[in-house]
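Only one structure is covered here, and it is reproduced in the block below.
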């Protein structure tokens, strides 16, 4: 079953034409990576899917339902979660409150939060600490956990490794693997190796359209069809 | 001190929406004025459907409900905007209402000057039970002799202070309960990042509207108790934008997003006003009466000390409040209570005992 489908999507920021007829589909249960240079429209693709930057043309379908033009909270309520770039947590809420706010749509919020603590023991230790006081890696864990606790069927993860130390990145990768066990995932990631390592399939985006796609197995950044779109 | 109660409550209601959702309500005086005018007009039997003599506690709540509804109307338009545009449109709404009230002949024969309660004093307590109600008012309030047989006499002003204080405390705990509820967490999430709150699944527009209505409700309670105490209302003291400015200043001095902070801010500002007052307790009067004539005539950078006191101290509170405001914005941006909480690492109630214990050990 197709979890997410973008068909001929055109998205603008003011007069800037960012997505220029982008199409992609994500099957339930898989991890799909969006790769490409900075500024080609990867984050905008996630924002378009979630309704934060609605498309002017094209359609977005989520679990078979046309969600084009729906409000973000309506789309989120249908089970689409977001782990935003730069580890943006609600910094003046405690860790527990961050999770509680995100778990409001879950059938059993307490159970989901307990699962998140089990997966991320550090968060349990700092449950009463304000999220803004956590380290970068801990904030990223919290952002991922927040995306998980809402009973989401699909998680949009934006640049999870950005600005993190290599050791912390490994922990984040493990967390994402754990999160993907029961959630479909769309991953935007600058680190090509990491993206290929995590994802089942990839879409290579350039100038607001998909220029390459395929299985990730065996793909490296030295591949000529990839390299010319990743280098400036 | 009574002014600290109603202005403090008004500033708290301002902080409730502005400090917790991040939307600056520059038109908040509209709710304060609505509560104040409703109480006075109801006491005079000028509100259709509400007979004169209806207990103050009932008219107070009805006025607050009306202000809450007004907030829904203003908010339904204003919350389509953000940032400075939201602040400006709410200010615009309030100024329109201010001008309407100033020229609304139904209020009194001279609406520019406002209206006055013509009947008995207004009572705080249990409606229709005289034994559990106390009249409040600057001159018309009730005094208490030999309180509970303890030989304590309370003047009318002191009785008013405690009676109004109970209303303020109840309102404070109600607002505090809300900001610590799941609804309050969403308000903070909206302040931190509204887009993210929407992406988590919250219809933020509805939450903001509800917060605005609650804030308008409590703002009107503040206006209502002000009206009950002063027994008169005027457009300039209620609906005018400078009333909101007072709340803004006291909230910044006390601490944005702290709820209790505005009370400290109001106390601070009022203390400064009292110290620099032209009244007998003011520092200028004390200096003039306490210093010998030779000292008052002493030269101070080319002017006499007396002239300096008359020019730069006596009744100059607004000047120093402006300076204090600038200093707070620059050096104490979290305000009195916000800074205290930062230093203690949590709320004062929770953290101060630990710190004191450590200090005393």
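The backbone N, Cα and C atoms fix where each Cβ goes, and this holds for glycine too.
Remember, it's a predicted structure, so these values are computed and weren't measured experimentally.
Of the given residue ranges B:241-264, B:265-288, TrEMBL assigns the label transmembrane segment to B:241-264. Just going by CB pairs under 8 A, the stretch in B:83-101, B:147-175, B:209-229 that sits most against the transmembrane segment (B:20-43) is B:209-229. For the transmembrane segment (B:209-229), the partner stretch with the highest count of Cβ pairs under 8 angstroms, out of B:83-101, B:147-175, B:241-264, is B:147-175.
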